[in-house]
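Student: Sharing the record's features from TrEMBL:
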type	residues	note
DOMAIN	B:90-156	domain 'HMA'
TRANSMEM	B:174-194	transmembrane segment
TRANSMEM	B:206-226	transmembrane segment
TRANSMEM	B:247-265	transmembrane segment
TRANSMEM	B:271-288	transmembrane segment
TRANSMEM	B:422-441	transmembrane segment
TRANSMEM	B:447-478	transmembrane segment
TRANSMEM	B:736-756	transmembrane segment
TRANSMEM	B:762-788	transmembrane segment
């Protein structure tokens, strides 16, 4: 049963790592804006290039 | 179907979606309503950015007037605005009110295509902010803002950007505390399982290990996560009154001490699980309470109305100066459309001031040389020169805003704090009675156990949780209907109001749907002449009238002259024509209305275009529903609409006209002194004093992105008819909170029954506390939904 000491240590350590990861994510601002990235990922990179060519206007 | 779509899009401006005027601007096969929209389209298409139009139809905004950005060349001002500056790169955040759809995000994040000196740009859609990093050697801040302005996204740079208070950091600390509390609670629960199931009996050595681990976790729970409760309790005790945090702090302390005691002397498992769970739930409740709605900034004060810089004249030269630095005696140069930032004397030029910020009257007031012009006036005519007589912070407007009469800083006593006082007293009485009883029985161990157990079990966490959960559920219901309330405390205030004060202009009437009417006679031919004149002006009134005239051909004109804010004159087909303010006309004219656009053709008065304000729809039914309240109408306007108000309101309603902001404020004060709880509905800054003073101030607006003065709530004009339902729901909300208290007290009675006997085991506490909490939270959530449905708000 002494292995439990090791396992308990591991579980606490894991939890601490997750907590630290959350701190890091929060401090770097990953939770500041949770709305815009959802819209941003819907933009096609250059998929509509043909259409924009058609709109191209030169005076 | 497709054809139909085509015709509808063709009738609208390709860029902004406005109806096309009779003579439209064309570029390629696209139609535009004005040169501004076409210019934006050209810029976008030249930079291959027409994807902008792919994500939404007509995403643009109509083009505004030219910008005066000289002040952005001043290094002092630049430094105040920049977030970050290093070698050649700078980062800046702008607030851009025009952001409204996904196309805006796409375009503003592709700014680097327009100018390669812009490295990157990121949008925060809800806050309407864009953060841009750029090379300041290649593009100046002013050029950057001009670029934004050219594509229709002019940033709003106000004094508040400079004097920012970092209030969001409080929230950040709270979220981190919640994270820590959650981590602690999870681990402590895990290590308490053996205790719950009686397993530790087999493995004695683990019992003490888990005990010590729990104690280790209890330390940050009490002293890091729960620190705010201790500080709040200490401050409230210093002021000799008890708030809700006082008993909470006491419980955290008792739980921690008892846990420490039991672990240190190996007498029991302690209450670490209860402690961490309690702290976690309390912080969650607090977070819910603090979570206000970020897409609306309520904290804007008078500073946000002012630009950050103003042009001064120094030795005849124009120099932009930051508003903070304006001194008495400075000469200001105020152009058309600019705000006067400080009380000043008119030195040069014709002043036609739109004082609607201050008085609510939007007709320009004529000022003569030497007259004092108060801060907040907007010049609607040519540029003028002023001499400052009071610094910004002491001017009339800021004085009105920061009036001493305004609500003092002592916090409103809410329901929770009132209950907390009696609650704490009751808990202490029971705790001491139980201790005394066991001491008389000479059982000091049980006395100590009973004392701590009563305090633990009688935890007022329900008080701390049911209120934020109920009120924030109500807030989200309000939110969906276009009623944005500042915070949960305000909902309580809303439910108590018994007197309603309405402002007239902008509140009972809508500015958005103003109708243009013509009094007088005008022939078809003359219409074309008027249209030909007006189409040369970019003034919003001219554009509005041009639209209502609906003419399809124009004559060429000569000798065109525009006096900004006053009127236009020109020669068309040998006719001389004037359009504008009465004082602009070449002859004296007797007219019923002083405002409006008057038309004179060949020295014959033809009549005048007048803007008729439209009353909000459903007003009569609304007032009928509100008849149980005491109603008042305080209008800053003249009494020309009295008959209309008389038909809507009953005889009991007090209706007053020509009220100055101070009179409105006094009226609110007087009612409050008479013991009334006043709700004020208003719009502009001219109601700001009354809005702030009232128990519940609602700023009514047709466009929620407009600036709103200090108020408790923002209400969309279209949602005004729901007002009685909103008030009813807030009352029901208080009922829910009171019922949840009854439930909590029932639970507490069970707990106290065991506690006074000194036989409360951690297991009982660990089960009872979460059950009561879960019951309360689910009860409040369901009850709120039920009442919201009953009031037809979902």
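In case you wondered, yes, glycine gets a Cβ from its N, Cα and C as well.
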Student: Using Cβ distances below 8 Å and needing 3 or more such pairs, separated by at least 6 in sequence, tell me whether the transmembrane segment (B:422-441) contacts the transmembrane segment (B:762-788).
Tutor: no
Student: What residues elsewhere in the chain lie close to the transmembrane segment (B:247-265), defined as a C-beta under 8 angstroms and at least 6 residues from its ends?
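Tutor: For the transmembrane segment (B:247-265), the sequence-distant neighbours (Cβ-Cβ under 8 Å, at least 6 residues beyond its ends) are 211-212, 214-215, 218-219, 221-222, 226, 229-230, 232-234, 271-272, 274-275, 278-279, 282, 420, 423-424, 427, 452, 455-456, 459-461, 464.
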Student: Please work out the helix, strand and coil residue numbers for the domain 'HMA' (B:90-156) from the DSSP assignment.
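Tutor: With helix first, then strand, then coil, the domain 'HMA' (B:90-156) has 21 helix, 20 strand, 26 coil.
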Student: What same-chain residues lie close to the transmembrane segment (B:762-788): Cβ under 8 Å, and 6 or more beyond its ends?
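Tutor: 192, 195-196, 268-271, 273-274, 277-278, 281, 453, 456-457, 459, 461-462, 465-466, 469-470, 473-474, 477, 729, 732-733, 736-737, 739-740, 743-744, 747-748, 750-751, 754, 794.
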Student: Other than its close neighbours in sequence, what residues sit by the transmembrane segment (B:174-194), given a CB gap under 8 Å and a spacing of at least six beyond its ends?
Tutor: 200, 203, 206-207, 210, 213-214, 217-218, 220-221, 224-225, 269, 272-273, 275-277, 279-280, 283-284, 286-287, 290, 762, 766
Student: The transmembrane segment (B:447-478): which same-chain residues, six or more beyond its ends, come within Cβ distance under 8 Å?
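Tutor: Residues packing against the transmembrane segment (B:447-478) from afar: 244, 247-248, 250-251, 254-255, 258, 271, 274, 278, 281-282, 284-286, 288-289, 291, 293, 415-416, 419-420, 423-424, 426-427, 430-432, 434-439, 484-485, 488, 491-492, 726, 729-730, 733, 736-737, 740-741, 743-744, 747-748, 751-752, 754-760, 765, 768-769, 772-773, 776-777, 780-781, 783-785, 788, 793-794.
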Student: In this predicted model, what is the average pLDDT of the domain 'HMA' (B:90-156)?
Tutor: 86
